[in-house]
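Positions annotated as domain 'Aldehyde dehydrogenase' by TrEMBL: 12-464. Under the heading NAD(+) binding site, TrEMBL lists Gly223, Ser224, Ser225, Asn226, Thr227, Gly228. Summarising the annotation, TrEMBL assigns active site to Glu246, Cys280.
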Amino acid sequence: MSSSVQFIDGCWSAGKGKTFSSIDPARNTAVWSGESADDSQVESAVIAARKAFPEWSTRSFDERLAICQRFSELLGENKEDLARVMAEETGKPLWETRTEVGAMIGKVAISERAYKERTGTVENEMPGAKAFIRHKPHGVVAVYGPYNFPGHLPNGHIVPALIAGNTVVFKPSELTPKVAEFTVKLWEKAGIPAGVLNLVQGEVDTGKALSAHPQIDGLYFTGSSNTGHLLHKQFGGRPDKILALEMGGNNPLIVTNVSDVDAAVHNIVQSAYITSGQRCTCARRLFIEAGEKGQAVLDRLVEVTKNIVVDDYEAEPQPFMGAMISAKAAAGMVDAHNELVRLGGKSLVKSTHRDTQTGFVTPGIVDVTGVDNIPDEEYFGPLLKVYRFTKLDDAIKEANNTRYGLSAGILCDDEETYRYFFKHIRAGIVNWNKPITGASSAAPFGGIGASGNHRASAYYAADYCSYPVASVEAENQSMPEILAPGLKF
Ligand SMILES: NC(=O)C1=CN([C@@H]2O[C@H](COP(=O)(O)OP(=O)(O)OC[C@H]3O[C@@H](n4cnc5c(N)ncnc54)[C@H](O)[C@@H]3O)[C@@H](O)[C@H]2O)C=CC1
Ligand SMILES: O=C(O)CCC(=O)N[C@@H](CCC(=O)O)C(=O)O
């Protein structure tokens, strides 16, 4: 247990707000406990970041990058310990948390490339002068992270923000404070100067205090659509502040005319149930063609889903799914399953909460074909709704019938069908014969509609971490050969 949990202006200190804790959802044991940052500590963190900004932003790019590279090396050296902390706090199996640390390590090199490619310097000759495009950091930015990737997703904002010269106040998910503390200690070890990266731990009150602080210049948020929409309202009328929102989805996956049934089922399972369905990119709605071919896919999916191994993060052999983030979240999945059945859906695979004290829940499938009033909600867990269709156009129309627009995919043998789907589907990630999860850090990552606000992250995070400055520059001034009308010299 730790008490110095806030990192403000280069110093660790205890929070002055109320106590909160994190629980290992696989074992129902306490992992971490500490006091939250109160308003005065959020204020100190923002002021420290403001004070550190002039020096950090005017350092050379290479100096800033060197610290990020050292952080990346330290992640490598501490990979196993960090993966274990992630597993304890989230319930995710170790194979998966190791992958998450790997993604964090890779983020630095990718962000360096993205910075140079998307926000580097461009020089053009013009008569008697040169035209430049350069980029400057915004200033103090707040970074909010979700619990499902407590390392990788906030890291996807923090690294490009720091590389670009911003200073950061990081507010992690209250469900994963230990991962945040571990990570920020590595930044400290990497030599991040005082005030450049600050950590304020706490629950929603801490988040509210930070987002409302008048001295932040921007906020980079990954989390639920509800919170994202609240932040968007809060930032209304503030065009001077940059807001990047990465939110949830109600993502569709269409299956039509596939010859390799097992390969299709594997792609469905990877799309719907990886991370116990706790990825914003997970498939929530599966459209399967009516008839024998579709039935063969569905039957095999039901069979494979029933056999998915759900177990402790340390179990050997490793399970595909670990516990969900909390016992409450797992119970919520069973409730959501029952609600779909109450609305008229047919349960094909029942979601079962293993016990009321842990987050273990088995993956579920409900056939909701022809059922009206299915809520357009993101059930953030391993629950898949099935829709049978006869015409592809109807499936695409229904797939688009959502306020969200994060990821979408089609599993089909012929390219023409994919091209048609691509043209008509609305989403920020559109895949063919691949899972719709597992988005690359080397590509833009974001959604439309209620999934985001057109400020895609991952490779495009560079875009919201600085603003462009256009300059026309001449070493000497000279009089033009022809004066504008009405001027006399
Ligand atoms: N599109 C994307 O890139 C991703 C989106 N997500 C989404 O994140 C969600 C799961 O993450 P959660 O941690 O539950 O999200 P959340 O919205 O509950 O929390 C995210 C952060 O916002 C803070 N917060 C909550 N209410 C606030 C308020 N009123 N004012 C200021 N701050 C507030 C929380 O303390 C936390 O730090 C899912 O909906 C998922 O789809 C998750 C991963 C990736
Ligand atoms: O941010 C990046 O570097 C790439 C995006 C990414 O890692 N996406 C993951 C997880 C995000 C989520 O769904 O919670 C994915 O697409 O699986």
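Each residue's number is its place along the chain shown, starting with 1.
Every residue gets a Cβ built from N, Cα and C, even glycine.
As the structure is a computational prediction, the values presented were derived from the model and not from experiment.
Feature map: TrEMBL annotations on the structure.
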residue	record	Cβ neighbours (10 Å)
Gly223	NAD(+) binding site	21
Ser224	NAD(+) binding site	15
Ser225	NAD(+) binding site	23
Asn226	NAD(+) binding site	12
Thr227	NAD(+) binding site	18
Gly228	NAD(+) binding site	22
Glu246	active site	28
Cys280	active site	28
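Taken residue by residue with DSSP, Glu246 (active site) is part of a strand. Proximity of the recorded positions Gly223, Ser225, Asn226, Thr227, Cys280 to ligand 2, judged by a Cβ distance under 6 angstroms to any of its atoms, singles out Cys280 in sequence order. In this structure, the CA atom of Cys280 (active site) is 9 Å away from the CA atom of Ser224 (NAD(+) binding site). A straight line from the CA of Thr227 (NAD(+) binding site) to the CA of Glu246 (active site) spans 11 Å.
When pLDDT values are averaged over the domain 'Aldehyde dehydrogenase' (12-464), the model yields 98. Geometry remark: Glu246 (active site) versus Asn226 (NAD(+) binding site), CA distance 11 Å.
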